[in-house]
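Engineer: Input: one structure, supplied below.
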Amino acid sequence: MTTLFHRLTSPPFLRAQFQTLTRVGQTFFFIHLFWEHFYCVGAATGASMLPTINIAGDWIVISKLYSRGRGIGVGDMVSYVRPVDGPGMHVSKRIIGMPGDWVVVDPERRDEMIKVPPGHCWTTGDNLPFSNDSRHYGPVPLALIRGKVIARLKPMPKFFENGLKDVED
């Protein structure tokens, strides 16, 4: 008569447990890899991107294929680490200027322009009166960009595209 201890320590049982743990580890590794290097989902709050993103309740999809400014352009909505708050504060804003572009610092006053320095971009929210953006803390280093906001999942799914079109001569 075999005891419970003998059954739990038998090679077939241990092999099955090891295979299960291996599969769980592989699954967590794949999820981590996907989340860190390809896509992530996060809640968006605040009035700075109205009407594109609601004040609360919207969930956005961020493509990390555009991290560190790869392949982004004027008009794209990006997520980045806010330069004045450190690594914990992520914001989503629209790119208004890329390196070498001249931008108006405050569109409401229209009295000062700045050239975006190399390796930086200029961002603003779609709702200027309620946005804390490059007008307050200056150009954003491209290295702080986490990715491009490509879609809204909730409440109504919508994919975002850069609505800017090239000017025809």
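For all residues, glycine too, the Cβ spot is worked out from N, Cα and C.
Heads up, TrEMBL stuff is auto-annotated, nobody curated it.
Bear in mind that the values here come from a model prediction, so they are computed numbers and not experimental data.
Straight from TrEMBL, here's the annotation block:
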{"type": "ACT_SITE", "residues": "SER48", "note": "active site"}
{"type": "ACT_SITE", "residues": "LYS93", "note": "active site"}
{"type": "DOMAIN", "residues": "38-105", "note": "domain 'Peptidase S26'"}
{"type": "DOMAIN", "residues": "114-152", "note": "domain 'Peptidase S26'"}
Engineer: Taking just the CA atoms, what is the gap between LYS93 (active site) and SER48 (active site) in Å?
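Structural biologist: For LYS93 (active site) versus SER48 (active site), the Cα atoms are 8 Å apart.
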Engineer: Checking distant contacts: for the domain 'Peptidase S26' (114-152), what same-chain residues at least six beyond its ends satisfy Cβ-Cβ under 8 A?
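Structural biologist: Residues packing against the domain 'Peptidase S26' (114-152) from afar: 40, 44, 46-53, 58-69, 71-72, 76-84, 90-103, 105-108, 158-160.
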Engineer: Compile a sequence-ordered list of residues in the same chain as SER48 (active site), six or more apart from it, whose Cβ lies below 8 A from its Cβ; state 'none' when nothing qualifies.
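Structural biologist: For SER48 (active site), the qualifying residues are VAL91, LYS93, GLY125, ASP126, ASN127, PHE130, SER131, ASN132, ASP133.
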Engineer: CB neighbours of LYS93 (active site) within 10 A?
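Structural biologist: Taking all protein chains shown, LYS93 (active site) has 25 Cβ neighbours within 10 Å.
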Engineer: By DSSP assignment, list the helix, strand and coil residue numbers for the domain 'Peptidase S26' (38-105), in that order.
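Structural biologist: Taking each residue of the domain 'Peptidase S26' (38-105) in turn, the totals are 6 helix, 28 strand, 34 coil.
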Engineer: If you average per-residue pLDDT over the domain 'Peptidase S26' (114-152), what number do you get?
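Structural biologist: Across the residues of the domain 'Peptidase S26' (114-152) the model's pLDDT averages 95 on the 0 to 100 scale.
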